[in-house]
Amino acid sequence: MTATASRATSIRVPFADLQAQTAEVRPALESAWRDLLDTSRFVGGATVETFEHEWADYCGTRFAVSVGNGTDSLTLILRALGIGPGDEVLVPTNTFIATAEAVVLAGATPRFVDVLPGTLLVDPAQVEAAVTPRTAAVVAVHLFGQMADMTALAAVAARAGIALVEDAAQAHGATWEGQRAGSVGVAGSFSFYPGKNLGANGDGGAITTSDECLAARLRSMRDHGRSETDRYVHDLIGTNSRLDAIQAAVLSAKLKRLDDWTAARRRAVALYREELPGTLQLVDEAPQARGVHHLAVVRTAHREEVMAELAAAGIETGIHYPVPCHLQEPYREFAREALPVAERAAREILSLPMFPHLTAAQVSFVCDALHASRAVDAR
Ligand SMILES: *Cc1c(COP(=O)(O)O)cnc(C)c1O
């Protein structure tokens, strides 16, 4: 997340606001903390298992395996699938760096693919064109809260004989043709970083899957590759990536609020759509997709000026993301070609304030500022 430093008290519309969320669940968190101090079971245990069941149910998968963060979840999925040195993994270049980072951490080679101009999500035709005999998987990133075209990607993955993995770190509860994020591919990767749609009070992550063997491998790998039956026998080379019990308690409490918070995000988007200037539109939503609007992204050719005008009006904005992964210095060695759709979008995208407790008055205030803007309509 781009954390725009909040400047004093002049901010009238923050980019995001976690305090209102925390206030809603505060009593539940305080009693969870007291219970935890009583049991002193700080890592793993019943609190974590309860949340894992709740999360699998919510996503419509048989299993959820909690981990330390959303980068580990993606890295562990790839490793558990046996993907490593010599393998290529296709990823959209327009994503948070962690998607590509996880591929490198697993020992594999990221290959970057361009995105569709309307949704800015991975282009299935370009995924298909990028498949080589070394390709082992494609990571569908459900960026901004909208699922990528999973019908087309599933067909491409089946034809190519590669794994379809979902990076759902921005898409808790989003659907594609009625199926939830994390339930379509072989496994889904979630982050519970505080700013995500479902956020812990620290770092956290989870993997969803309906593959029993994969779930068992992942449970072992997140805990030093331990055997299920003997904690001093290590069957696999794992890592330490476990969810703290306190974070599981926070996530269980917030999960009860998630559908209401998503509905509030959708209301804010509907208002933006009504009130934004005609020349400034939110990125497209595919008819098969029901997004959860992690971010509200518009495009403008005069982005820096528009950002400055909004900042002067007390409105915080962000850019997700200003540099596509294939142009980030450590990843250039994996880049093969220009990816013009994502490169152009990176210069034009602007993320408007978006969080569940954003009020209608605040959305109108942002839209009024954009109507008054000289840069928005400038040609
Ligand atoms: C946040 C995010 C991640 C990484 O999650 P962390 O919990 O911060 O490690 C991965 N992919 C995407 C698309 C994200 O937005």
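Every residue gets a Cβ built from N, Cα and C, even glycine.
Taken from TrEMBL, the feature active site, proton acceptor applies to K196. The secondary structure of K196 (active site, proton acceptor), as reduced to three states from DSSP, is coil rather than helix or strand.
If you draw a 10 Å sphere around the CB of K196 (active site, proton acceptor), it holds 21 other CB atoms from the protein chains shown. Residues annotated as N6-(pyridoxal phosphate)lysine in TrEMBL: K196.
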